[in-house]
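J.: Grabbed the feature section from TrEMBL, which reads as follows:
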type     : residues                               : note
ACT_SITE : D45                                    : active site, proton acceptor
BINDING  : D45, G46, N122, E123, R148, D150, A185 : NAD(+) binding site
Amino acid sequence: MKFAITSKGDTESNIWMQQIRTYLQDSGLVYNEAQPDIVVSVGGDGTLLYAFHRYSSRLDRTAFVGVHTGHLGFYADWVPDEIEELVDAIAHKTYNTVEYPLLEAKISYEHGGLETRYLALNESTVKCVDGTFVIDVEINGQHFERFRGDGLCLATPSGSTAYNKALGGAIVHPSLQSIQLTEMASINNKVFRTIGSPLILPAHHTCVLKPVRQKDFLVTIDHLTLLHKEVRAIQYRVAKEKIRFARFRPLPFWKRVHDSFISD
Ligand code: NAP
Ligand code: MN
């Protein structure tokens with residue numbers, strides 16, 4: 001079996017990365033950064049987001065597992081104290097995988113040309129560079145609302161505990177193939193109206209954002225922010241690809257929610 005390790009880059013994470021690497025190699029596994037069967041991410045949830053994007057072209061052949069060197073994470077749910085148990089399991093046990101849904105974003109442009117396609121593990125947000133963000137929201141081809149405000153966020157179920165939560169979105173169990181639309185500070189008065197509530201769309205439904213006047217937008221895909229110019233439309237849906245996590249022990253999602261936000 002081939003493995004790779006990504007580290008947050010701080011001293012502690014780098015030390016653990018070295019230890020895991022040595023142990024797995026001593027157990028007969030092969031370090032292969034280009035084509036790993038399993039990727040161990042050491043750091044935090046942000047480190048796993050980075051690992052996901054690095055290996056997003058081979059999701060069907062790569063499983064992920066996360067170790068956290070800071071606070072408990074949603075993707076990084078092993079602590080350094082358990083590393084021996086974890087590496088032993090990776091080296092000697094057959095593991096199950098659980099699949100989580102991803103968000104697909106397709107951006108098309110006024111000048112024609114190729115559309116860009118992204119996969120997000122947490123979410124994608126859309127904001128404008130200056131002035132009020134105005135955009136038409138279409139759901140399954142039907143005009144839904146004209147949004148005015150700071151921006152919009154489309155999150156995956158596993159991303160629902162991140163930015164989405166800060167925007168008042170619901171926490172969604174990752175077994176639900178869905179995406180969630182939340183608003184950032186919408187303008188609501190007698191003239192302008194938006195729904196105000198977060199919306200959860202099932203698989204195969206589409207949410208398309210169409211510019212009204214300004215056509216340049218700041219689009220985030222997880223930790224990545226890019227300025228897209230002359231945007232014609234941004235289409236969101238549940239992606240056909242999924243991320244696979246290697247599971248060596250049960251750790252229910254609701255327990256992670258409890259331990260992260262209530263107490264551990
Ligand atoms: P960051 O600024 O270090 O991350 C912000 C925080 O979000 C960190 O505490 C991170 O955990 C945590 N986080 C990431 N994914 C999560 C998840 N699925 N559930 C719960 N918490 C999660 O930047 P980053 O590490 O590169 O992460 C990028 C993410 O930051 C974005 O995808 C977005 O969700 C989030 N974000 C949140 C807000 C907000 O809440 N207002 C604003 C902008 C961005 P770690 O410390 O373990 O990395
Ligand atoms: Mn982070």
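Cβ coordinates come from backbone N, Cα and C, glycine included.
Owing to the predicted nature of the structure, the values given are computational and were not obtained by experimental measurement.
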J.: Can you tell me how far the Cα of R148 (NAD(+) binding site) sits from the Cα of D45 (active site, proton acceptor), in Å?
T.: 31
J.: Could you tell me which of the binding-site residues G46, N122, E123, R148, A185 have their C-beta within a distance under 6 angstroms of some atom of ligand 2?
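T.: G46, by Cβ distance under 6 Å.
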J.: Which one of these recorded positions, D45, N122, R148, D150, A185, has the sparsest Cβ neighbourhood, judged by other Cβ atoms within 10 angstroms?
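T.: Among the recorded positions D45, N122, R148, D150, A185, the sparsest Cβ neighbourhood within 10 Å belongs to A185.
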J.: For the recorded positions D45, G46, R148, D150, A185, which residues place their CB under 6 A from an atom of ligand 1?
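T.: Near the molecule: D45, G46.
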J.: Under 8 Å Cβ to Cβ from G46 (NAD(+) binding site), same chain, six or more residues apart: give me those in sequence order, or none if nothing qualifies.
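T.: Non-local contacts for G46 (NAD(+) binding site): K8, H223.
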J.: Enter the number of other CB atoms within 10 angstroms of the CB of E123 (NAD(+) binding site).
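T.: The answer is 26 other Cβ atoms.
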J.: State the three-class DSSP label for G46 (NAD(+) binding site), counting H, G and I as helix, E and B as strand, and everything else as coil.
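T.: It is helical.
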J.: Between D150 (NAD(+) binding site) and D45 (active site, proton acceptor), how far is it from one CA atom to the other, in Å?
T.: 26
